[in-house]
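Colleague: Mind looking over this structure? Questions follow.
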Amino acid sequence: MVEIMVVRHGQSEADILNRCEGRADFSLTDLGLQQAQLLAEWIQRNYALDAIFCSTLIRAKQTAAAIAELTQVPVTYDNDLMEQNNGVIAGMLRDEALMKYPIPAGGRKRHDAIEGGESGMISMLFRAFLNLPYHSEIFIPTGDTGVHLWQYEPSGKKVIMATNWQEHLAAT
């Protein structure tokens, strides 16, 4: 059996500055660094990692570094794991983005891209894991350092064991 753990980064500066993040490269806040540390401690207590793959964005690197330090597993960085390309709104204040790029009258689906952008990374990974089409109606909410755990069984069966697991943050 193969287990895959997908983790979101901790709280970033964009979260508290109310900015659209996506490919804009913001660091973790002090709280985000604390969340990453709590996550790393939880992973060390509960899992034996074989590999860590990480986006090249600073917030993801900071989260992965905390995990790597405690687990002694090296990190492999990959540009293809970067957060959604939210195009022209990357780094923009959320209110400004809504003014310049209002939600259409019929609404906007979560996977509909903003000009120059694409859909969210974790939802895309779920689609790939489940062999769903790119434009499937799926959105997986994930909080700061939220953990998703998937299993591939020898039979080929795929099991979603957990989504947005945040028990490691109970102390905060």
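Yeah, the Cβs are placed from backbone N, Cα and C, and that goes for glycine too.
According to TrEMBL, the protein carries these features:
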- HIS9: active site, tele-phosphohistidine intermediate (ACT_SITE)
- GLU83: active site, proton donor/acceptor (ACT_SITE)
- ARG59: substrate binding site (BINDING)
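Surface or core, plus neighbours and distances: that's what I need for these features.
Modeller: Spatially close to HIS9 (active site, tele-phosphohistidine intermediate) yet at least six residues away along the chain are LEU28, GLY32, ALA36, LEU57, ARG59, ALA60, GLN62, THR63, ASP144, THR145, judged by Cβ distances under 8 angstroms.
Following the DSSP three-state reduction, the secondary structure of GLU83 (active site, proton donor/acceptor) is coil.
In the three-state DSSP assignment, the secondary structure recorded for ARG59 (substrate binding site) is helix.
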